[in-house]
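Student: One structure follows; several queries about it will come next.
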Amino acid sequence: MAQEHIPNNQPLRSLGHEPLELMKASLEHVLKTTPPQPTYEVHEMFGGYTGGPTSLAYLFFRLADLYPDVQVAGYPLMHWTKQYLEGDRGEVKITTRVGISSEKLARDALIACLSKAENDVKAFLSNMPTVLGPSTDLKKDPYGSEFWEGRAGTLYFMRLMRHYIPESAALLEGPIAQVSERILSDSIDQDERGWMFYDLETTGAGHGTIGIITQLVVTTPSLAPRLRTKLCAVLNLQTDGNWPRNIAPASDDNPFLMQWCHGAPGFVVSLKAIRPYFPELQGRIDAAIANAQEAIWKYGLIKKEPSLCHGILGNALRVLHLLLHVMP
């Protein structure tokens, strides 16, 4: 059953303003409605790169990298990165999350990327004993393997630091290998099965197999041969351009969602990222991407809020990528 969506039969329209001006207007709106604070007291709002002040610091940080000369509200974008990052959060600890929604790890990683100081990289790495955990029993392990809450997100943080602080590569090499091996050992089997997320074998980019494979491979390309069987298995699940949210969803009345976290939009992002590392599968990957993009074009205007994760905005980014290739 297709997710509730708006038929994509409207004529294409032009933007009313240049994209850069629209971006600046959106950022000014963010600054007016959720300005940086000297103190943040509601810890429930902290969500690493997925919500709260650190997510806004990360937004401005990445945009500053792309548009170093752009100013918003009279200041360079990097100024706002620092403003959102500096507010007092009290004592923030690792709780049940070590992925991109972990406030502690996300903030530590971004502080290191800004300072480029070895001591800040080491401060991030001081969290690794907690991330790796004392228990190898999956039933007792407090952390999963997926991207949003689990150790695949930890890999992203270390890859981010390695990118912005190239001289930290040697320091990060060992922890990256340890986290990667922990993720691999936590899969359901060492063959074609993926990983469990809250008692479900999920498939998507946010919480499932394709997202985990992606972080493992783009962080350490030499792992690709060990993940080939799992990738083939998840490619085989594609149906009418989309993927089921879970493996064998016996009681799920809507197993095929069209969103980044679960479904074709996230698969397109992931498959494009890992394609270079599976040369013998590139034909299959290209066919899967093409079928997925057709499905996104047809069913991607979902009747949800315009969020990146579960909404139409994340889908629109995949549609935009398609349009750039098929239109003059």
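Cβ from N, Cα, C; glycine included.
Per TrEMBL, the features are:
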- CYS261, CYS309, HIS310: Zn(2+) binding site (BINDING)
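I'm curious about the neighbourhood of these features; can you describe it?
Tutor: All protein chains included, CYS261 (Zn(2+) binding site) registers 24 other Cβ atoms within 10 Å of its own Cβ. DSSP classifies CYS261 (Zn(2+) binding site) as coil under the three-state reduction.
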